[in-house]
């Protein structure tokens, strides 16, 4: 049991940090602009592909910095020439715009890079075993992901709490009208925040593409789960996103790691493995795990729509 | 109210216009046409595209040799978007265009819907029947309780592959503790159940130490599953996973440094060797009816040339579906035996029980359930293989030939014949 | 949009679309008589009911749902179970014509269950709940194989069921007529519902929930009613799906289905009753036929959608309606030529863009990009510079003329009044 808990926490934290890289940007964008960016995972995908292509020319380390900047630029263009125009029509069209954008980006990626996964591999410098826990190796690359996430959180925290730009962003999060009245160019702040959020997702893609698979389906795979994190953490709250990422990461991993079903634990009580409750009674925890985030999503929204750390409801 | 009036007219014209566009039909009857119903867009487009290249290539070869009854073979590509109901519509479209043969293989759910649709069409539409040639859907039900006279399967079904695997494992002393990890849908559930049945039946000296089902195409990180495999003390993993679910699993096992052998159905499937790479060497096994180095091992020069020609034509993929070769040439034999390509019933009867000399050995289309029986190979990833798969640097090396009598199953099919 | 612009003609005359559209629907199978076309038209009918029911939420009540397929799909599953029971009883029991009603009841039942927890808030919260419920139900459909039949799905046979009128539903034409009949009934009911106090209150709740509350109507209650009724019609569409396809599997409750109804409704125009009808028809046809002409169909689909959201948020019907109003008000006087020029320039631009996209797909996707291929009637070599230059030139010239020349010209001519864009 100790082993299981240790594994779950370690793996869960690793998974959680990756989730955080994506959800922090999304939650910033939402908190500020009220836009739930459906295409956010697409920018994550762009990060992976840009880094893969750049990496062939410049190597991984340069790509690690350039790719997120490129993704951020794409984000800025999308905001400036797409989203800003749609903004005047209201939130629903904005949401739908990003919804359509996700399809277009996926198609374009498939067009330029093909539908087969690209061989995006970790740099040799990180390709060794960092430590061994109960007989399982943990590669240096996983530790590196962890470090990147920590650096990102610290950076974000400093940016938001300690700088003037952060002050403006925080202000815009709660009172965009007031910030505008104080003479700040709110549309420009919006554009920069959108670009910045996309760049964060792109950074997630640079490392996530290696950890998982870099193919045109990766955005679709990652998309919904990031929403769950953002909603659970509280829309607009960066610390909330961090906590929610870790909770979901650990919880999901834990459910996958244990051998558990109600029937095995409590006894079958004569309940057969058929019918709605029967199947539920006999359902293995591993089979429920992937549905868990959505269950959390629905429950959170019903009972606490502002999430764990959110200041206001969506 | 006025707006409603105008848009009412508009709706009518719009419907009319778009209908007109969509109903272009083809009158040319000369070539023998086969509808290829597979995903050609969306996340599985690469798989559909690779299959299409196999069929087109084979059709070209047949045409070069003079075609069938002097007529050319033409593959009509239709995009089903991996959707069963879309596939059913495409069968209807094939019928409309007077096409008598449809082929499909990706997704047993699609295959199930197609069998139903083909049966239904042939029941209700006697002068425009369709024959369904299945080159890859392995759900045993299609040749058991749901078997159909108009369905022929050229790939070994899941039960047969597992049978072959069990017969091989029985004699391997280093295989003692099995861990089953599969996708949570009928394909994976079948493997999980049937493997245990086989172990009992054959009284194998193997213990199942773990049995996990995970949701299909949703798991991003297999590390927790790997932790379970490690804790169970398993030495061998059996999985029916395909696509990302397989490559992610293998990658996670490799990066955790876990020393287990992984027996798969689809280790050589399109894109998988590229995603796994060298880390699968001597670790990832597959059960197939053929792999590229069989040609080298058994000196099949002609077929090796076929393989090389295909590679030259489509450098980014490899000839993988040996059964497409079997399927197309068996269809050719059946049509030539009947003497026309329109009498679907007669062609189906000709295929039933047909014995075909394939490069790898005799393929028999079992009359009872329309399941092809053929020798199978168990092979392992090897960087020294003469031909690597999908330019990945790793190919496959045969570790065992499973003769056809060890690669068969019982069938409960109760075929209704016209 | 809801202003009544009737100008005192006899009111019966205004009902002519309700007569013309059914006549068109009855004649269509005689013009397009291939089995595939008839199937396609059946699917269009079903998509129309589904989209109309969706618009009861999005257009009328302002609720954006990402999981409307849940009610369509669960309705379909329950209807399929009933059809199978009838099949197994040797074709005795509920007449085939009434099986869609079973779907409607099931849709309503699940609408009550899920609606009770979803409608307390509108906006993003509601959207996210529906997304979550959609994902939960879709996953369940693969877990509870007793009811859902796993990913293979469930099959039934519509010919082994009694008919109230002694019709043989073996042919797809008679099934099509049955579906059209139900579609008409549903469309009329949904239209009438819009005119009830509930329909008006739904609009009020959409536009200003606080004010609606002050007037004495609980927004939650109004939303709940709309939600349940909308689920009922979605279930009806699901029941009809069972009749046309005779198969249900997990895709009927899936996200793609939920997404398609959203796209169709929005493309058509959510502010109009006919919007979803037009949108659903277009989306169904495009989905089924565009893919036979081009590999790039998903891209075109995405671009069309983005184009609508950006330039014509009132949908296709909305654009046409605005132009019609402007024409009727004399806004076209003296500038009809410019409007046509604008439209033409836009079409030329789109033509150029299509050429570029087709060239790209050939260049990147084909195994031999240098192989000659047919583009708009010309045979070109995608590796040469010429076709690219020409295509880009056409696209730039078209859009350039439209945005930089025609649009400002029209704006000058019509004064400062802003126009709603073009189709």
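Numbering starts at 1 and runs along the chain as it is shown here.
Quick reminder: no glycine exception, Cβ is built from N, Cα and C everywhere.
Over in TrEMBL, the protein carries these features:
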TRANSMEM  C:12-32  transmembrane segment
TRANSMEM  C:38-57  transmembrane segment
TRANSMEM  C:69-86  transmembrane segment
TRANSMEM  C:98-117  transmembrane segment
TRANSMEM  C:124-144  transmembrane segment
TRANSMEM  C:174-193  transmembrane segment
TRANSMEM  C:260-285  transmembrane segment
TRANSMEM  C:297-320  transmembrane segment
TRANSMEM  C:340-364  transmembrane segment
TRANSMEM  C:384-404  transmembrane segment
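Using the rule of three or more Cβ pairs under 8 Å, pairs at least 6 apart in sequence, the transmembrane segment (C:38-57) is not in contact with the transmembrane segment (C:124-144). The transmembrane segment (C:69-86) makes no contact with the transmembrane segment (C:384-404): fewer than 3 of their CB pairs lie within 8 A, with pairs spaced 6 or more apart in sequence.
Outside the transmembrane segment (C:12-32) by six or more residues, the chain places 6, 38, 41, 45, 173, 176-177, 180, 183-184, 188, 274 with a CB less than 8 A from a CB of the stretch. Most Cβ pairs under 8 Å to the transmembrane segment (C:297-320), among the stretches C:260-285, C:340-364, C:384-404, belong to C:260-285. When Cβ-Cβ distances below 8 Å are used as the criterion, the transmembrane segment (C:260-285) is approached by residues 1, 17, 40, 43-44, 47-48, 50-52, 54-55, 58-59, 64-66, 68-69, 72, 187, 191, 194, 301, 304-305, 308-309, 314-319, 321 of the same chain, each at least six residues removed from its ends.
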